[in-house]
Amino acid sequence: METKPVITCLKTLLIVYSFVFWITGAILLAVGVWGKLMLGPYISLIADNSTNAPYVLIGTGTVIIVFGLFGCFATCRGSPWMLKLYAMFLSLVFLAELVAGISGFVFRHEIKGTFHRTYTDAVLNYNAEDEASRAVDNIQHRLRCCGVYNYTSWLGSVYYPSNGIPASCCFNSSDCNLDDLRNSTVAPSKVYHQGCYELVTSFMETNMAIIAGVTFGIAFSQLIGMLLACCLSRIITANQYEMV
């Protein structure tokens, strides 16, 4: 009877943890769907080819939701082998998140280099119609920037000879016409001078430590679930305790 309060306490804690774990899966699933629907063009500028990152988030979120429910079920049933399986899954999630966090931090410079290359290609091959071109327009409009380093990046694009600098570079669209954008003397006074590459990479550098900290924090939180599941399984097995 002395172990009953301990088991009840562990059971309660593990159910609460599993519920929180389930919520993180739902968040990952929602972020993945949102990323696929809303950020597809932006993500394509960060990777050389179409990236599967949104699908990875959707898949990971779905798996976590399933195992979060499994963790609650295993806890309520008090099944040692189910609890051990749940702990094993949490250990795999921990290792995956740890590797992802370390890789993102270590290879951040390669990510910046890839973004520079793909964004430069998007500017040089801009046609105002394809997905990459629309992503460039959105970035320039939202971040209030122009070109890779500045507006002169557009002078070597295939779009410039016929159409000038894109209208998304204008800081006042009502005072920015096609003739102005074609004129290399007038255009500088009509468009943003800040380059988009510097803004994006500065944001990455500023927030990389925060992103890495959150990733590692979430990863190490799996250790709590692993500890609770293993302890509960061990106590139930040792005391031949049956839960209904």
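These residue numbers are counts, starting from 1, taken along the chain as shown.
Using the three backbone atoms N, Cα and C, a Cβ is placed for every residue, glycine included.
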Cys169: disulphide-linked cysteine among Cys146, Cys176 [source: TrEMBL]: Cys146
Non-local residues, at least 6 beyond the ends, that sit with Cβ under 8 Å of the transmembrane segment (12-35): 43, 53-69, 71-72, 75-76, 90, 218, 224-225, 228-229, 232
Cβ contacts of Cys169 (disulfide bond) (under 8 Å, same chain, 6 or more positions away): Gln140, Cys146, Gly147, Tyr151, Trp154, Leu181, Val191, Tyr192
